[in-house]
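The domain 'Sugar phosphate transporter' annotation in TrEMBL covers 18-306. Summarising the annotation, TrEMBL assigns transmembrane segment to 12-34, 46-73, 85-103, 109-128, 135-152, 158-176, 197-214, 234-255, 262-283, 289-306.
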Amino acid sequence: MAGSGGATSQPASFLVTSIAILSWYTSNIGVLILNKYLLSSTGFHYPVFLTLCHMLASLLIGLLTSICQILPLKPLKSSQQAYKIVVLSGVFCTTVVLGNVSLKFIPVSFNQAIGATTPFFTAILAYLMQGQTEAPLTYYSLIPIMGGVIIASGGEPLFSVIGFTCCLIATSLRALKSVLQSLLMTDPSEKLDPMSLLVYMSGVSVAILVPLTVCLEPSSWQAALGMVEKSSSFAYWLLGNSSLAYLVNLTNFLVTKYTSALTLQVLGNAKGVVAAAVSVAVFRNVVTGQGALGYAITVAGVFMYSESKRRAKLAAAAVARSEGGAAKVASTEREPLLGTNASGNEKADLYFRGAERV
């Protein structure tokens, strides 16, 4: 009986994980393709307004799932925590806006090649802002990551200085957000689950984007209504695209929950390649041999970066285990009763980390 129970639970777990990964890939690539389609193929050239729609959808769907107790919203605990979320929201909002602006000028395939350089900016910013150093192999991997993008840029037929600059700044800001998040959210009592954080950040982003849209794209509201009047399908495309923006974050959260952050990183690297291939198939943009070679070099560098980080984590864990074992032996020799307490603390720590992941 036990054997049959284990046999049935394993496929179910694999099925759920596979569905989560497939949904994450589909929503990620779907948002990219729809963003490019709306901004370059429909005559609707308003990336700030499009970002506002994304943030509104994330806020409303997040609040709805909280009201229905599907994903309950955790309350803020202090004004300091709220301030940190506002800072993160400003960076997050700017990142999404610039990413959408870049899609007006460059193909999705080139956008993904530039976006793959996120580890480069993460490593540099972590060192400058936190003094965090990496293994030599990690820094060596940054050379092909950036070198590949330089090669790909030279072979991109639709290269645009504006699109390239916006995408590069968006990529660096994405790295800055991750570093800031690790800096600002260090207090365990202030940590929020990813979906609660998304709702709060979406709310702040809407507050930022409404006046920004009025100032930078005053005609976007009338243009959107005009396009809906001409074709009701535009409303469905816009609504579907905005809803997918929330689904991207939800499936990202689920994939991390069912696998691990490292698996998510590896899948994300592969996702960029898939997204580039789908983009080429859909929009028929020309990819030269030099561009493909440059992107391949960048992706190889990203995988090398991921492998270096994985080895560093394993080595650090091994050292921590050996030091912890030695400390446990020493403390047991001094006071036998401390062994029981240490075991209890270890379980509490595992429980905390488990809850934090969820």
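Note that Cβ sites are derived from N, Cα and C of the backbone, with glycine treated the same way.
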Which of 46-73, 109-128, 135-152, 262-283 contacts the transmembrane segment (197-214) most, counting Cβ pairs under 8 Å: 46-73
Criterion met for the transmembrane segment (12-34) and the transmembrane segment (234-255) (at least three Cβ pairs under 8 Å): yes
Interface check, the transmembrane segment (46-73) with the transmembrane segment (234-255), three or more C-beta pairs under 8 A: yes
In contact by Cβ distance (the transmembrane segment (262-283), the transmembrane segment (158-176); 3 or more pairs under 8 Å): no
Segment proximity, the transmembrane segment (289-306) to the transmembrane segment (109-128), 3 or more C-beta pairs under 8 Å: yes
Dominant neighbour of the transmembrane segment (289-306) in 85-103, 135-152, 234-255, 262-283, by Cβ pairs under 8 Å: 135-152
Positions on the same chain near the transmembrane segment (234-255), where near means CB under 8 A and six or more residues out: 17, 20-21, 23-24, 27-28, 30-31, 34-35, 37-38, 42, 44, 50, 53-58, 61-62, 193-195, 198, 224, 227-228, 263-264, 267
